[in-house]
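A.B. asks: The structure under discussion is supplied below as C-alpha coordinates; questions concerning it will follow.
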(Lines of atoms letter the chains of each structure in order from A and count residues from 1; the text may use other names and numbers.)
(Lines give C-alpha, C1' and ligand atoms only; values in the text may rest on other atoms or scores of the structure.)
Protein backbone atom coordinates (compact mmCIF):
# COMPACT_ATOMS: atom_id res chain seq x y z
CA UNK A 1 0.00 0.00 0.00
CA UNK A 2 1.16 3.57 -0.64
CA UNK A 3 -0.51 4.84 2.55
CA UNK A 4 2.05 6.10 5.03
CA UNK A 5 1.32 5.63 8.74
CA UNK A 6 2.79 8.47 10.76
CA UNK A 7 3.42 8.67 14.48
CA UNK A 8 0.31 10.12 16.17
CA UNK A 9 2.52 12.53 18.09
CA UNK A 10 3.77 14.12 14.87
CA UNK A 11 2.91 17.82 14.80
CA UNK A 12 1.10 19.46 11.90
CA UNK A 13 4.12 21.66 11.14
CA UNK A 14 6.30 18.58 10.76
CA UNK A 15 3.67 16.90 8.59
CA UNK A 16 3.57 19.86 6.21
CA UNK A 17 7.36 19.94 5.95
CA UNK A 18 7.63 16.22 5.25
CA UNK A 19 4.75 16.31 2.76
CA UNK A 20 7.03 18.14 0.35
CA UNK A 21 9.27 15.08 0.16
CA UNK A 22 8.59 12.66 -2.67
CA UNK A 23 9.08 9.63 -0.39
CA UNK A 24 6.51 10.60 2.26
CA UNK A 25 2.83 11.11 1.57
CA UNK A 26 0.88 13.79 3.46
CA UNK A 27 -1.13 12.78 6.51
CA UNK A 28 -4.58 11.43 5.61
CA UNK A 29 -6.49 11.01 8.90
CA UNK A 30 -9.85 10.56 7.15
CA UNK A 31 -8.48 8.09 4.55
CA UNK A 32 -9.47 10.32 1.65
CA UNK A 33 -6.78 8.77 -0.52
CA UNK A 34 -8.73 5.52 -0.57
CA UNK A 35 -11.44 7.30 -2.56
CA UNK A 36 -9.13 8.15 -5.46
CA UNK A 37 -10.05 6.49 -8.75
CA UNK A 38 -7.31 5.36 -11.11
CA UNK A 39 -7.20 6.37 -14.77
CA UNK A 40 -8.25 2.82 -15.67
CA UNK A 41 -11.29 3.01 -13.39
CA UNK A 42 -12.26 6.41 -14.79
CA UNK A 43 -11.99 5.08 -18.34
CA UNK A 44 -14.17 2.06 -17.44
CA UNK A 45 -16.80 4.43 -16.06
CA UNK A 46 -16.66 6.54 -19.20
CA UNK A 47 -17.07 3.46 -21.41
CA UNK A 48 -20.32 2.55 -19.72
CA UNK A 49 -23.61 3.47 -21.29
CA UNK A 50 -24.43 6.99 -20.13
CA UNK A 51 -21.28 6.87 -17.99
CA UNK A 52 -20.05 10.37 -18.80
CA UNK A 53 -21.71 11.90 -15.74
CA UNK A 54 -20.16 9.27 -13.44
CA UNK A 55 -16.76 9.83 -15.04
CA UNK A 56 -17.02 13.60 -14.54
CA UNK A 57 -18.18 13.18 -10.93
CA UNK A 58 -15.28 10.96 -9.93
CA UNK A 59 -12.80 13.11 -11.87
CA UNK A 60 -13.95 16.13 -9.86
CA UNK A 61 -13.73 14.07 -6.68
CA UNK A 62 -10.15 13.10 -7.54
CA UNK A 63 -9.24 16.76 -8.01
CA UNK A 64 -10.85 17.67 -4.68
CA UNK A 65 -9.02 14.90 -2.78
CA UNK A 66 -5.68 15.87 -4.31
CA UNK A 67 -6.34 19.51 -3.41
CA UNK A 68 -7.26 18.66 0.19
CA UNK A 69 -4.18 16.49 0.71
CA UNK A 70 -1.80 19.18 -0.51
CA UNK A 71 -0.14 21.19 2.22
CA UNK A 72 -0.93 24.86 2.59
CA UNK A 73 2.62 25.64 1.46
CA UNK A 74 2.02 23.74 -1.76
CA UNK A 75 -1.15 25.73 -2.48
CA UNK A 76 0.67 28.98 -1.74
CA UNK A 77 3.74 28.09 -3.82
CA UNK A 78 1.64 26.95 -6.78
CA UNK A 79 -0.34 30.19 -6.71
CA UNK A 80 2.87 32.21 -6.48
CA UNK A 81 4.43 30.34 -9.41
CA UNK A 82 1.26 30.82 -11.49
CA UNK A 83 1.22 34.53 -10.66
CA UNK A 84 4.90 34.93 -11.57
CA UNK A 85 4.41 33.00 -14.81
CA UNK A 86 1.33 35.04 -15.74
CA UNK A 87 2.74 38.47 -14.84
CA UNK A 88 4.28 39.16 -18.26
CA UNK A 89 1.39 37.67 -20.29
CA UNK A 90 -1.10 39.73 -18.26
CA UNK A 91 0.92 42.88 -18.91
CA UNK A 92 1.01 42.05 -22.62
CA UNK A 93 -2.77 41.50 -22.64
CA UNK A 94 -3.45 44.88 -21.01
CA UNK A 95 -1.11 46.90 -23.23
CA UNK A 96 -1.98 45.01 -26.43
CA UNK A 97 -5.66 45.68 -25.77
CA UNK A 98 -4.98 49.37 -25.15
CA UNK A 99 -2.89 49.84 -28.31
CA UNK A 100 -5.31 47.80 -30.44
CA UNK A 101 -8.31 49.72 -29.12
CA UNK A 102 -6.67 53.07 -29.94
CA UNK A 103 -6.16 51.97 -33.55
CA UNK A 104 -9.53 50.27 -33.93
CA UNK A 105 -11.35 53.27 -32.46
CA UNK A 106 -10.12 55.46 -35.31
CA UNK A 107 -11.03 52.81 -37.90
CA UNK A 108 -14.52 52.21 -36.57
CA UNK A 109 -15.38 55.87 -36.14
CA UNK A 110 -14.22 56.46 -39.71
CA UNK A 111 -16.47 53.60 -40.82
CA UNK A 112 -19.48 54.98 -38.94
CA UNK A 113 -19.08 58.57 -40.19
CA UNK A 114 -18.28 57.73 -43.80
CA UNK A 115 -21.13 55.22 -44.13
CA UNK A 116 -23.63 57.28 -42.05
CA UNK A 117 -24.70 54.01 -40.46
CA UNK A 118 -26.29 53.87 -37.02
CA UNK A 119 -25.27 50.21 -36.60
CA UNK A 120 -21.64 51.05 -37.27
CA UNK A 121 -21.99 54.10 -35.01
CA UNK A 122 -22.99 51.77 -32.17
CA UNK A 123 -19.87 49.67 -32.76
CA UNK A 124 -17.77 52.88 -32.98
CA UNK A 125 -19.05 54.21 -29.66
CA UNK A 126 -18.29 50.85 -28.06
CA UNK A 127 -14.71 51.06 -29.39
CA UNK A 128 -14.30 54.56 -27.91
CA UNK A 129 -15.31 53.27 -24.51
CA UNK A 130 -12.99 50.30 -24.88
CA UNK A 131 -10.11 52.77 -24.61
CA UNK A 132 -11.71 54.24 -21.51
CA UNK A 133 -11.97 50.76 -20.04
CA UNK A 134 -8.26 50.04 -20.60
CA UNK A 135 -7.12 53.39 -19.19
CA UNK A 136 -9.44 53.14 -16.17
CA UNK A 137 -8.39 49.58 -15.32
CA UNK A 138 -4.70 50.43 -15.70
CA UNK A 139 -5.01 53.52 -13.51
CA UNK A 140 -7.03 51.73 -10.82
CA UNK A 141 -4.58 48.82 -10.75
CA UNK A 142 -1.66 51.17 -10.12
CA UNK A 143 -3.69 53.23 -7.63
CA UNK A 144 -4.62 50.08 -5.68
CA UNK A 145 -0.94 49.13 -5.32
CA UNK A 146 0.09 52.59 -4.08
CA UNK A 147 -2.67 53.31 -1.52
CA UNK A 148 -1.59 54.50 1.92
CA UNK A 149 -2.17 51.59 4.30
CA UNK A 150 -2.81 53.98 7.19
CA UNK A 151 -5.61 55.74 5.35
CA UNK A 152 -6.92 52.61 3.62
CA UNK A 153 -6.09 49.70 5.98
CA UNK A 154 -8.04 47.12 3.97
CA UNK A 155 -5.99 47.79 0.82
CA UNK A 156 -7.08 48.73 -2.67
CA UNK A 157 -8.45 45.44 -4.00
CA UNK A 158 -12.00 46.84 -4.11
CA UNK A 159 -10.97 49.77 -6.31
CA UNK A 160 -10.94 47.62 -9.46
CA UNK A 161 -14.39 46.25 -8.60
CA UNK A 162 -15.76 49.77 -8.08
CA UNK A 163 -14.13 50.89 -11.34
CA UNK A 164 -15.82 48.06 -13.24
CA UNK A 165 -19.21 49.13 -11.87
CA UNK A 166 -18.69 52.79 -12.79
CA UNK A 167 -17.51 51.89 -16.28
CA UNK A 168 -20.50 49.58 -16.80
CA UNK A 169 -22.93 52.37 -15.91
CA UNK A 170 -21.18 54.75 -18.33
CA UNK A 171 -21.42 52.18 -21.14
CA UNK A 172 -25.12 51.65 -20.45
CA UNK A 173 -25.80 55.42 -20.46
CA UNK A 174 -24.10 56.01 -23.81
CA UNK A 175 -25.92 53.10 -25.42
CA UNK A 176 -29.21 54.53 -24.21
CA UNK A 177 -28.39 57.60 -26.31
CA UNK A 178 -27.80 55.32 -29.33
CA UNK A 179 -31.21 53.72 -28.76
CA UNK A 180 -32.91 57.12 -28.59
CA UNK A 181 -31.25 58.30 -31.83
CA UNK A 182 -32.14 55.07 -33.61
CA UNK A 183 -35.79 55.28 -32.54
CA UNK A 184 -35.89 58.90 -33.68
CA UNK A 185 -34.53 57.86 -37.08
CA UNK A 186 -37.18 55.14 -37.40
CA UNK A 187 -39.95 57.62 -36.58
CA UNK A 188 -38.79 60.58 -38.66
CA UNK A 189 -37.42 58.73 -41.70
CA UNK A 190 -39.47 59.65 -44.77
CA UNK A 191 -37.37 58.38 -47.64
CA UNK A 192 -37.89 54.66 -48.08
CA UNK A 193 -34.79 54.09 -50.22
CA UNK A 194 -31.81 52.19 -48.88
CA UNK A 195 -28.55 53.92 -48.07
CA UNK A 196 -25.48 53.73 -50.28
CA UNK A 197 -23.26 50.72 -49.66
CA UNK A 198 -19.79 51.83 -48.47
CA UNK A 199 -17.31 48.94 -48.83
CA UNK A 200 -14.31 50.61 -47.06
CA UNK A 201 -16.43 51.02 -43.91
CA UNK A 202 -17.35 47.34 -43.89
CA UNK A 203 -13.71 46.35 -44.42
CA UNK A 204 -12.60 48.63 -41.56
CA UNK A 205 -15.05 47.02 -39.13
CA UNK A 206 -14.13 43.54 -40.43
CA UNK A 207 -10.46 44.20 -39.67
CA UNK A 208 -11.45 45.30 -36.16
CA UNK A 209 -13.43 42.07 -35.82
CA UNK A 210 -10.35 40.00 -36.69
CA UNK A 211 -8.12 41.85 -34.19
CA UNK A 212 -10.73 41.47 -31.46
CA UNK A 213 -10.93 37.73 -32.14
CA UNK A 214 -7.16 37.37 -31.67
CA UNK A 215 -7.27 39.38 -28.41
CA UNK A 216 -10.27 37.32 -27.24
CA UNK A 217 -8.32 34.07 -27.70
CA UNK A 218 -5.26 35.48 -25.93
CA UNK A 219 -7.21 36.85 -22.94
CA UNK A 220 -9.32 33.69 -22.69
CA UNK A 221 -6.36 31.68 -21.36
CA UNK A 222 -5.44 34.39 -18.81
CA UNK A 223 -8.87 35.46 -17.57
CA UNK A 224 -8.50 33.57 -14.26
CA UNK A 225 -5.11 35.08 -13.46
CA UNK A 226 -6.23 38.71 -13.27
CA UNK A 227 -9.48 40.58 -12.73
CA UNK A 228 -8.21 43.15 -15.25
CA UNK A 229 -7.79 40.52 -17.97
CA UNK A 230 -11.15 38.98 -17.10
CA UNK A 231 -12.90 42.30 -17.79
CA UNK A 232 -10.91 42.72 -21.01
CA UNK A 233 -11.86 39.18 -22.08
CA UNK A 234 -15.55 39.96 -21.49
CA UNK A 235 -15.14 43.18 -23.46
CA UNK A 236 -13.50 41.42 -26.44
CA UNK A 237 -16.17 38.71 -26.32
CA UNK A 238 -18.91 41.33 -26.47
CA UNK A 239 -17.14 43.16 -29.31
CA UNK A 240 -17.10 40.00 -31.44
CA UNK A 241 -20.85 39.78 -31.71
CA UNK A 242 -21.26 43.58 -31.71
CA UNK A 243 -19.00 44.02 -34.73
CA UNK A 244 -20.39 40.96 -36.51
CA UNK A 245 -23.97 42.08 -36.04
CA UNK A 246 -23.06 45.67 -36.93
CA UNK A 247 -21.59 44.56 -40.27
CA UNK A 248 -24.65 42.41 -40.98
CA UNK A 249 -27.25 45.09 -40.19
CA UNK A 250 -25.36 47.92 -41.87
CA UNK A 251 -25.05 45.85 -45.05
CA UNK A 252 -28.74 44.92 -44.79
CA UNK A 253 -29.64 48.59 -44.49
CA UNK A 254 -27.71 49.31 -47.71
CA UNK A 255 -28.84 46.29 -49.74
CA UNK A 256 -32.25 45.19 -48.42
CA UNK A 257 -34.35 47.58 -46.28
CA UNK A 258 -33.37 50.97 -44.81
CA UNK A 259 -34.86 50.23 -41.37
CA UNK A 260 -32.49 47.30 -40.77
CA UNK A 261 -29.69 49.74 -39.94
CA UNK A 262 -31.40 51.64 -37.06
CA UNK A 263 -32.95 48.39 -35.84
CA UNK A 264 -29.47 46.86 -35.75
CA UNK A 265 -28.21 49.82 -33.71
CA UNK A 266 -31.03 49.34 -31.20
CA UNK A 267 -30.35 45.62 -30.88
CA UNK A 268 -26.59 46.19 -30.45
CA UNK A 269 -27.15 48.88 -27.80
CA UNK A 270 -29.63 46.70 -25.91
CA UNK A 271 -27.18 43.78 -26.06
CA UNK A 272 -24.37 45.94 -24.67
CA UNK A 273 -26.61 47.21 -21.85
CA UNK A 274 -27.67 43.67 -20.90
CA UNK A 275 -24.10 42.33 -21.06
CA UNK A 276 -22.75 45.12 -18.87
CA UNK A 277 -25.78 44.88 -16.58
CA UNK A 278 -24.82 41.29 -15.94
CA UNK A 279 -21.23 42.32 -15.25
CA UNK A 280 -22.38 45.09 -12.88
CA UNK A 281 -24.59 42.63 -11.01
CA UNK A 282 -21.66 40.25 -10.58
CA UNK A 283 -19.39 43.04 -9.32
CA UNK A 284 -22.05 44.18 -6.83
CA UNK A 285 -22.21 40.60 -5.53
CA UNK A 286 -18.48 40.75 -4.80
CA UNK A 287 -18.81 44.03 -2.89
CA UNK A 288 -21.90 42.79 -1.01
CA UNK A 289 -20.04 39.76 0.36
CA UNK A 290 -21.12 36.79 -1.75
CA UNK A 291 -20.07 33.43 -0.29
CA UNK A 292 -16.96 31.71 -1.60
CA UNK A 293 -17.43 28.61 -3.80
CA UNK A 294 -18.12 25.33 -2.03
CA UNK A 295 -14.69 23.97 -2.92
CA UNK A 296 -12.96 26.85 -1.10
CA UNK A 297 -15.05 26.18 2.03
CA UNK A 298 -14.20 22.47 1.87
CA UNK A 299 -10.49 23.22 1.62
CA UNK A 300 -10.58 25.71 4.51
CA UNK A 301 -12.57 23.32 6.73
CA UNK A 302 -10.28 20.35 6.10
CA UNK A 303 -7.06 22.31 6.50
CA UNK A 304 -8.27 23.95 9.72
CA UNK A 305 -9.40 20.65 11.22
CA UNK A 306 -6.15 18.83 10.43
CA UNK A 307 -3.85 21.76 11.22
CA UNK A 308 -3.05 20.70 14.79
CA UNK A 309 -3.91 17.87 17.14
CA UNK A 310 -4.93 20.49 19.70
CA UNK A 311 -7.90 21.44 17.48
CA UNK A 312 -10.71 19.10 18.50
CA UNK A 313 -13.34 20.26 16.04
CA UNK A 314 -14.43 23.10 13.79
CA UNK A 315 -17.44 25.14 14.87
CA UNK A 316 -17.88 27.53 11.94
CA UNK A 317 -16.14 28.30 8.65
CA UNK A 318 -17.15 31.33 6.61
CA UNK A 319 -15.52 32.69 3.47
CA UNK A 320 -17.01 35.56 1.53
CA UNK A 321 -15.98 38.07 -1.08
CA UNK A 322 -14.67 41.48 -0.19
CA UNK A 323 -13.95 42.65 -3.69
CA UNK A 324 -12.26 40.03 -5.87
CA UNK A 325 -10.66 38.17 -2.92
CA UNK A 326 -12.06 36.45 0.18
CA UNK A 327 -12.38 37.25 3.86
CA UNK A 328 -12.29 34.10 6.00
CA UNK A 329 -13.72 33.47 9.49
CA UNK A 330 -12.86 30.20 11.26
CA UNK A 331 -14.08 29.17 14.72
CA UNK A 332 -11.92 26.35 16.13
CA UNK A 333 -12.66 24.38 19.30
CA UNK A 334 -9.90 23.41 21.73
CA UNK A 335 -9.81 21.76 25.14
CA UNK A 336 -10.81 24.17 27.97
CA UNK A 337 -7.56 23.34 29.74
CA UNK A 338 -5.39 24.42 26.80
CA UNK A 339 -2.94 27.10 27.99
CA UNK A 340 -3.58 30.56 26.64
CA UNK A 341 -0.13 30.79 25.02
CA UNK A 342 -0.69 27.56 23.11
CA UNK A 343 -4.20 28.54 21.95
CA UNK A 344 -2.83 31.91 20.83
CA UNK A 345 0.14 30.44 18.95
CA UNK A 346 -1.91 27.77 17.15
CA UNK A 347 -4.67 30.19 16.08
CA UNK A 348 -2.16 32.83 14.98
CA UNK A 349 -0.16 30.27 13.00
CA UNK A 350 -3.36 28.98 11.35
CA UNK A 351 -4.38 32.55 10.49
CA UNK A 352 -1.04 33.17 8.80
CA UNK A 353 -1.27 29.95 6.80
CA UNK A 354 -4.79 30.76 5.60
CA UNK A 355 -3.87 34.32 4.61
CA UNK A 356 -0.99 32.94 2.53
CA UNK A 357 -3.43 30.86 0.44
CA UNK A 358 -4.34 32.21 -3.02
CA UNK A 359 -7.23 34.71 -3.23
CA UNK A 360 -7.41 35.12 0.57
CA UNK A 361 -7.20 38.78 1.57
CA UNK A 362 -7.80 38.45 5.33
CA UNK A 363 -8.46 35.65 7.84
CA UNK A 364 -9.88 35.75 11.36
CA UNK A 365 -9.46 32.71 13.65
CA UNK A 366 -11.57 32.55 16.81
CA UNK A 367 -10.83 30.00 19.55
CA UNK A 368 -13.66 28.46 21.59
CA UNK A 369 -13.95 25.58 24.08
CA UNK A 370 -17.48 24.34 23.29
CA UNK A 371 -20.02 24.20 20.45
CA UNK A 372 -23.31 24.43 22.36
CA UNK A 373 -23.74 28.15 21.66
CA UNK A 374 -25.47 29.47 18.57
CA UNK A 375 -22.93 30.93 16.11
CA UNK A 376 -25.14 33.95 15.32
CA UNK A 377 -23.85 37.47 14.74
CA UNK A 378 -26.22 39.90 16.45
CA UNK A 379 -26.91 43.27 14.85
CA UNK A 380 -24.93 45.99 16.67
CA UNK A 381 -28.02 47.72 18.14
CA UNK A 382 -29.56 44.47 19.38
CA UNK A 383 -26.25 43.37 20.88
CA UNK A 384 -25.92 46.73 22.66
CA UNK A 385 -29.44 46.45 24.09
CA UNK A 386 -28.66 43.01 25.51
CA UNK A 387 -25.54 44.33 27.23
CA UNK A 388 -27.28 47.39 28.65
CA UNK A 389 -30.59 45.84 29.74
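The backbone N, Cα and C atoms fix where each Cβ goes, glycine too.
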A.B. asks: Looking at the candidate ranges 58-77, 238-257, 258-277, report the one that TrEMBL labels transmembrane segment.
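C.D. replies: Feature transmembrane segment in TrEMBL: residues 258-277.
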A.B. asks: Which stretch, out of 9-30, 31-52, 119-140, is listed as transmembrane segment by TrEMBL?
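C.D. replies: Spelled out, TrEMBL records transmembrane segment over residues 119-140, not the other listed ranges.
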A.B. asks: Per TrEMBL, which of 1-22, 89-110 is region 'Disordered'?
C.D. replies: 1-22
A.B. asks: Quick one: which of 161-180, 281-300 does TrEMBL have down as transmembrane segment?
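C.D. replies: Feature transmembrane segment in TrEMBL: residues 161-180.
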A.B. asks: Within the same chain, where does the transmembrane segment (258-277) have neighbours whose Cβ lies under 8 angstroms from its own Cβ atoms, ignoring anything closer than 6 residues to its ends? I mean 6 or more beyond.
C.D. replies: 117-119, 121-123, 126, 168, 171-172, 175-176, 178-179, 181-183, 185-186, 189, 191-195, 234, 238, 241-242, 245-246, 248-250, 252
A.B. asks: Looking only at the domain 'Cation efflux protein cytoplasmic' (309-368), how are its residues distributed among DSSP helix, strand and coil?
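C.D. replies: The composition, in the requested order, is 16 helix, 29 strand, 15 coil.
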A.B. asks: With pairs restricted to those 6 or more apart in sequence, evaluate whether the transmembrane segment (92-113) and the transmembrane segment (200-220) have 3+ C-beta pairs under 8 Å.
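C.D. replies: By the criterion, they touch.
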A.B. asks: Near the transmembrane segment (119-140), which same-chain residues lie under 8 Å Cβ to Cβ, leaving out any that are not at least 6 residues past its ends?
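C.D. replies: Distant contacts of the transmembrane segment (119-140): 94, 97-98, 101-102, 104-105, 108-109, 111-112, 159-160, 162-164, 166-167, 170-171, 174-175, 178, 201, 205, 208, 228, 231-232, 235, 238-239, 242-243, 245-246, 249-250, 253, 261-262, 264-265, 268-269, 272.
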A.B. asks: Which bits of the chain, at least 6 residues beyond where the transmembrane segment (161-180) starts or stops, bring a Cβ under 8 A of a Cβ in it?
C.D. replies: 118, 121-122, 125-126, 129, 132-133, 136-137, 140, 227, 231, 265-266, 268-270, 272-273, 276-277, 279-280, 283-284, 286-287, 323-324
